[in-house]
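What TrEMBL says about this protein:
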ACT_SITE  Asp732  active site, proton acceptor
BINDING   Tyr544, Asn737, Asp750  Mg(2+) binding site
BINDING   572-579, Lys599, 647-653, Arg736  ATP binding site
DOMAIN    16-93  domain 'Ig-like'
DOMAIN    195-286  domain 'Ig-like'
DOMAIN    392-489  domain 'Ig-like'
DOMAIN    565-877  domain 'Protein kinase'
SIGNAL    1-20  signal peptide
TRANSMEM  497-519  transmembrane segment
Amino acid sequence: FNTFLFFTFLLLLSRPTITPEGPHLTVPLNSDFSLHCRSDNSVRWLREDRPTRTLNVQRQGQVTVLKVSKAGPQHMGKYSCREEASGEKSSIYVYVKDPENPFRRNIVFDFVAGEGEMTTLPCLATDPRITDLHLQKCDGQPLPNSLRYSASIETGITLEDVRKDFEGCYVCVGTLEGNTVKSGQYQLNVRLDAPPVITLGRPQRVLLIQGEELSLSCSTSNVNSDITIRWKQPSVQQFSRILTEPISHLRNATLNLGSVTKQDAGSYNCEARNERGTSAKTVWVEIYDKGFINLTSVNNSTKRMRAGESLSLRVVMDAYPKPHTFSWSYSGVKLTNTTDHVITTRSHGNSYTSELKLVRLKVLESGVYTFSCSNRDATVHQMFEVHVTSKPQIVSYEGPIGGQVRCVAEGYPTPQIKWYYCDQPYSRCSNLLNATQEEEDVVTVTMTNPPFGKGTVESRLNITKNSYSTLECVASANGEIVYTLFSISENTVPHELFTPLLIGFVAAAVILVLILIVLSYKYIQKPKYQIQWKVIEGIHGNSYVYIDPTQLPYDHQWEFPRDKLRFGKTLGSGAFGKVVEATAYGMSKADTVMTVAVKMLKPSAHATEKEALMSELKVLSYLGNHINIVNLLGACTIGGPTLVITEYCCFGDLLNFLRRRRESFYYTTLGEDSYYRNVMLQPEPNESRNGYMTMKPSEDGMTMDTEDLLSFSYQVAKGMDFLASKNCIHRDLAARNILLTQGRVAKICDFGLARDITTDSNYVVKGNARLPVKWMSPESIFECVYTFESDVWSYGILLWEIFSLGSSPYPGMPVDSKFYKMIKEGYRMDSPEFAPREMYEIMHSCWDADPFKRPSFGKIVEKIEQQISDSTKHVCLPLSSLLQIACSTGVP
């Protein structure tokens, strides 16, 4: 043991010593430094364990000095002084501090590592104070889960057990004096421990015409020193045309043929080989005399569809060279992309697919559709016959006249007409067990039978029997049946046209027809209930195509049991229906009780009104929920009249709300020197009586200020921005159609059902309709055009209502020819008394004569956001919590 200690002591005495002492030395960029090594024996300086032949080394007695002038990044690293006899050495690490480059700049940033190997990214720090060295992806994505590494500011970051999913771009990140510093980017490529992976530069099937050039390339990754790649082709003598290029860790082989002939056709194989095996891919080359287009797949060229269904016509073809023309035509007229005709073309290599989708076919769209395709050498056409079937219709009938009845029907295919008779008056004879078909004395003539479209057939029956009471004409086609009934008296005498009884009947019929015409005219003139909101399906230039709301789906999950509704007072009533307050039991949970509003029709409502209410239900369910619209909560459509259940807005409509609070309004100027003054105003003499019923009349004394008016404006803009995002146009935006609920939350609604516009002075007769003219844009008034931009104009009028505290727009101006002329000439209202300058600028921009210069609702929201306080911005509570708020005794 003593001997071991003695030798250890001798080794320590013989180890060379380096000055300056310490594990590392930091020198500034472009400065000089020297290292001294003291030893009794001969020594050699090494850098990174390699001899330093290019550095200045001098021997001065027992000290060997290494001198470096103008130190740069290349001088960084570990310097060692080693005794040549014993091999003992001492080391010191030298940092060359570069303030502009916390990490040493490298020349090479692409690295290739074998799968399963270890590799190091040389991000070497130039300053030893750098801490927390770690690795990040260049794009900020998380590191692969299996990636493990060690980090050192002197050696860089070492990745262990490299895998294929490690490939990518990396950057080294550290901390220097509290700041984050980053290295340059390093691209890591992983060479698989497998045969080479081959990638072809062209599809595996190549088509050419004689005389064209052929260029085939294949590349492989996973390259190492033992890799080979080559093309094998039919003509061996052409190997001289193959070029092989090494590019970084990839390798590429290209074969070029200047002018191909038929003899150059065949298979070309690209082979790549390494120590793990061989991979190969084949390209098949076909040589043609000229270009071609071959139809490879055509679905049935004759189509029979029902009206309203959609149809896709598809053509698949091989072609070379690439076709320059794909077109579809109908009856010789070229089709373009619209919402009714959608044309798509796809390609894959030399295979092409063209498809024409006909959306919701109409009977008039029956006919021949032709697909045409051309390239420089060939042209092909493919025709499709489309037959759109329609339900038969009886378009004309008359009799008995002169002992004869007549029945005319049309449809596709052309209907068949049959006659049935029976003794029961006004009965469907064909449904009776003892039905008798009349086949004698029947003359049936096909009037039109076109190859496409509706055909027409006429049938006449001579009445030869006087023992039955009813004749039935039945037209059938494709399993669809329509019918009409004729009443036959026993005294019907053939060919005696003008009897006194017949003349009396004709006179009575004429009088009855005149009465019906008068009643029909009055019915047509009477306003019809229809949903104001319209959902846009497509835009063509300046014209909008609306979705038919009756075609929208209805989800029966909205159904709510009728027996769980308890009705209260009427909130609003109109010509067609009413809105009633109700209590719903178990609306959201089994034990919850919620106050709701229920829309319903009056018992006298016609089928069109019933369809309109159902359409409103479908539109609300299509739009979805938003805090600033009156949201759908449920519906009852089964087992009784349709009921639409919506949110209950306990403070009524905005128009009457503003008018009720005029006497308690506090005007606030926007700015640092805010002041308040109590504005006493007289109530509007023409207060709306057709709006939502006032639910809290005792609260009229509560105050309201400018911030509240800005809040209403902001919320309505948010709601309209939501409707616009759903392609929905309101068409009747006004303060009377904005409701308020707890927390002074404003909600947009369509109150047409519960408003009698015949008694509302805001709706003026124009043509056959009553319209809110003072809220309408010029293009809506004069051209009947309703767009997102016309809603923006109406929003500007709504702002004027808000900041005038519910005054009627265009005060003192009746809607007459003078009014229309002033609107055409560009007349605009002055700023209301309580509008800040910024809000009037928004109003005025909404009234731009050019619809496309008006701001969008999204832009309006941004402008108002700049004027309101943070507390007002947060008035939009989460919808889920808002629905639970009960309007009890709270103040709006």
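Each residue, glycine too, has its Cβ placed from N, Cα and C.
What TrEMBL annotates, mapped onto the structure for a quick look.
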{"residue": "Gly572", "record": "ATP binding site", "DSSP class": "strand"}
{"residue": "Lys578", "record": "ATP binding site", "DSSP class": "strand"}
{"residue": "Glu647", "record": "ATP binding site", "DSSP class": "strand"}
{"residue": "Asp653", "record": "ATP binding site", "DSSP class": "strand"}
{"residue": "Asp732", "record": "active site, proton acceptor", "DSSP class": "coil"}
{"residue": "Asn737", "record": "Mg(2+) binding site", "DSSP class": "helix"}
{"residue": "Asp750", "record": "Mg(2+) binding site", "DSSP class": "coil"}
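For Cys650 (ATP binding site), the nearest neighbour among the listed recorded positions (Asp732, Asn737, Asp750), judged by C-alpha distance, is Asn737. Applying DSSP to the domain 'Ig-like' (16-93) sorts its residues as follows: 3 helix, 44 strand, 31 coil.
A simple way to gauge crowding: the CB of Asn737 (Mg(2+) binding site) has 27 other CB atoms within 10 angstroms, across all the protein chains here. The subset of recorded positions (Asp732, Asn737, Asp750) lying with their Cα within 10 Å of the Cα of Asp653 (ATP binding site) consists of Asn737, given in sequence order.
Taking each of the recorded positions Asp653, Asp732, Asp750 in turn and counting other Cβ atoms within 10 Å of its Cβ gives the largest count for Asp653. The recorded positions recorded for this entry are Gly572, Lys578, Glu647, Asp732, and the Cα of Asp732 lies nearest to that of Asp750 (Mg(2+) binding site). Model confidence over the domain 'Ig-like' (16-93) stands at 88, taken as the mean pLDDT rounded to a whole number. For the pair the residue listed as 'active site, proton acceptor' and Lys578 (ATP binding site), the C-alpha distance works out to 18 angstrom. The two recorded residues, Asn737 (Mg(2+) binding site) and Gly572 (ATP binding site), show a Cα separation of 12 Å.
Applying DSSP to the domain 'Ig-like' (392-489) sorts its residues as follows: 3 helix, 58 strand, 37 coil. Summarising the environment of Cys650 (ATP binding site), the number of other Cβ atoms within 10 Å of its Cβ, over all protein chains shown, is 22.
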